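A.B. asks: Here it is, the structure in full.
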Amino acid sequence: MDAAVAVKGLKKTYGKVEAVKGVDFEVAPGEVFGFLGPNGAGKTTTISMLCTLINPTGGTATVAGHDVVSQRDRVRQNIGLVFQDPTLDGYLTAEQNLRFHAELYGVPRSVVDDRLRQVMEMVALWDRKDSKVMTFSGGMKRRLEIARGLLHSPRVLFLDEPTVGLDPQTRSAIWGYINKLRLTEDITIFMTTHYMEEAEFCDRIAIIDHGEIVVIDSPEALKASIGKDRVQLQTGDDEKTIALLRDRFDIEAAVHDGQVTFAVVDGESFVPRLFADLGLPIRSVSVSRPSLDDVFMSYTGSTIRDAEAGDGNAWMRAMARGR
Amino acid sequence: MTAEVAGVRVPPMTGSHDLRAIKVVLHRELLRFVNDRTRMITMLIQPILWLFVMGTGLGTLVRGVIPGIDYRTFMYPGMISMTVIMTAMFSAGSIVWDREFGFLREMLVAPVSRGAIVVGKCLGGAVVATAQGVIILAMAGLVGVPYSPTLLVTLLGEMFLAAFTITAFGVLLAARMRNMQSFFGVMQMAIMPMMFLSGAMFPLANLPSWLHVLTTVNPLTYAVDPMRQAVFGRLDVPAQVDALLNPGVTWFGWRLPVILEIGLVAAIGALLLGVAITQFRRAE
C-alpha cells in the first residue's frame, strides 16, 4: 500500500532562517499522524508545504501519491484542510458555505445533497444549516470547517491545531468526530498540535523542534522508551530529602509543584526501598508512568511549555540526562 | 488502495470544472448582493443626489444655454455610469475583505485555476453593478428619457461592459491590498479624477486643450460616451445643443464611432483581467 504522505528531505528557508531543516517521514493510509512541537517549531510550515500553500526550498513530498509541486491540483483535490484561522464567509449560511466548497472541488452534483447532510450531521450542525455563519460561536465555526474539509471525501485531512482556542467540550467533541472518521471513512489524518493530551489520540507522533524531527513513534512506544517512572513525595523536609536521595540512591531530585520529584527505573519496587532507607518522614508518595510531557522533555531537553515560556524543570532534565 | 471507499470520489478536473468554479464564485457575489440591502441603498443615494439635487440646481443655471433639454437628461447617462462604476469597485473590493477574513484562502487552495476565480469575481461584479444600474435605468422617465426597448437593451449591454472592465481594474488593485482602508483610499484616488474627466458630470465640448487631452486618455470617457450617444439618439434636440452636450470623443479632430469606443473598453477590460490573473498567480 502506498504511503498517504511521503516526505524526503523537505526543507524551507526564509532568507537565512531555516524554518524546516530537511525532514523525512511517511504516513500510512488510515493513520492518525500528529506533529507535536512548540509554536515556531516548523509545524505549520511543514503542513503548508504538504497542502501546496507554499513551495518547498528543497526535498520532495507526495500526498495521496501526487507530488506537491508538480501535481498541485491533484494534491488539492485529494486533501481537506482545516486551518487555525477560520476561512468561512460569515455572510453566507452554513449550507451555502458548504455548497460553495462542493462546487469549487467539483463534487458530482448527484451526491452533493447526501454528502452535505452526512458531514453536517456528523458535526451536529444540520439543524443550523440555514443560519448565517457570523452567528456561530468559535467552536461551531471550527466544526463547520471540519465538515467542509470532509465534504469532497479527501484522502488526507490536514488539521492545523484543530482544537486551539476552543472550550473543553468542543475539544472533546472534535476528537469524537476524528475517532468516528477513522472508523467510517477511508481517510488519513495529519494534524499538528502542541497539546500533549491530544497527541495521545494519534497512532503515531513526530516530535518536531527547531525545524527538525527528533523522533517518530507511537505514543506508547515513546513513553516506554523513556523507561523511567516519575515519583513524587511530600515530606517534612524537602531539602534534606533531596540531599539524602543524592547520597544514598544517587538520584537527582527537585521540588516541583510543592513535591520532591524525581525519575527512577521501576518506580513501584523502588518505593519500599525508599521507605526502608531514607530515614525521614514521608507524608505521601505517588508513582506515575511517564507522560508525553516527559517524552517531549526527554527528547528535546525542555518541556513544550518551557519552549514557549522558558521555565526549567530539574527532574525532567535529570530524565533527559538519564536516557 | 484496496479498502472499500466511503463517501464521494471527485472526478479528475476538466474545463467544465473551471466553468463550475466561475459560476459558483459569481453565484456567491449575487447572494452577497441580495443579502446586503444596506449596500444596495447606499450605492443608489449618491447618483440620485447628483441627478435630482445637483442636476436640478445646475439645470436652473444653464437653462438658457441649452434650450429644449433638461440638464438632468444630460446627466442621466453619466449617473448610470457612476452607479455602475461605484458598485463594481465595491464588488472588487470584497476581495480584500475576503482576504482579511480568510475566505480568499478557501478559494485559493481549491483545485481550480486562479483564472476561474478572477473571472468569476469580475463577472459577479459586472452582474451586480448592472443590476444596480437597472434601478437608475427605471428612473429614465423622470428625467425625460423615453423607455424604448432598444435603448434599454443598448444601455444594459454598455453598462455590463463598463462594469466588467471596472471590476477587473478593482480586482487588479485588490490583488496586493491587505486591508480595506488602503483599498478604499487608493480607489477614491483613482476613481474620482477618472469620474470627473469622463464626461459624466459636464460636457466634454469646448474644453481647454489640457483638459481635453486628459479626458481623451481617461478610459472611463469611452465607457460613458456610448451611453450618452445612445440616450441622445432617442432625443429630439436642436443641433447646436446636441453639439454642446453630446460632442462625442475626438482624436485630432476625428470623431470616434461608438463601436470603436466599445471595442476600446472591451480591450482594456480584457487586458486588466489578464494582468489581474497573473497578479493572483504570483501572489502565492
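Cβ atoms are placed via backbone N, Cα and C, with glycine included.
Sharing the record's features from TrEMBL:
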- B:38-283: domain 'ABC transmembrane type-2' (DOMAIN)
- B:41-62: transmembrane segment (TRANSMEM)
- B:74-97: transmembrane segment (TRANSMEM)
- B:118-145: transmembrane segment (TRANSMEM)
- B:151-175: transmembrane segment (TRANSMEM)
- B:182-205: transmembrane segment (TRANSMEM)
- B:254-277: transmembrane segment (TRANSMEM)
A.B. asks: List, by number or range, the same-chain residues at least 6 past the transmembrane segment (B:118-145) whose CB is under 8 A from its CB atoms?
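C.D. replies: Here the qualifying positions are 21-26, 28-30, 33, 40, 43-44, 47-48, 51, 55, 69-70, 72-73, 75-76, 79-80, 83-85, 87-88, 91-92, 95, 151-152, 155-156, 159-160, 163-164, 166-168, 170-171, 231, 234-235, 273, 276-277, 280.
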A.B. asks: Taking residues 6+ outside the transmembrane segment (B:74-97), which of them lie with a CB under 8 Å of any CB in it?
C.D. replies: 29, 32-33, 39, 43-44, 46-48, 50-51, 54-55, 66, 104, 121-122, 124-126, 128-130, 132-133, 135-137, 140, 143, 145, 155, 159, 162-164, 166-171, 173-175, 177-180, 183-184, 187, 191, 195, 198-201, 203, 220, 223-224, 227-228, 230-231, 245
A.B. asks: Pairs of Cβ atoms less than 8 Å apart decide it: which stretch in B:41-62, B:151-175, B:182-205 has the most with the transmembrane segment (B:254-277)?
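C.D. replies: When the Cβ pairs under 8 Å are tallied, B:151-175 comes out ahead.
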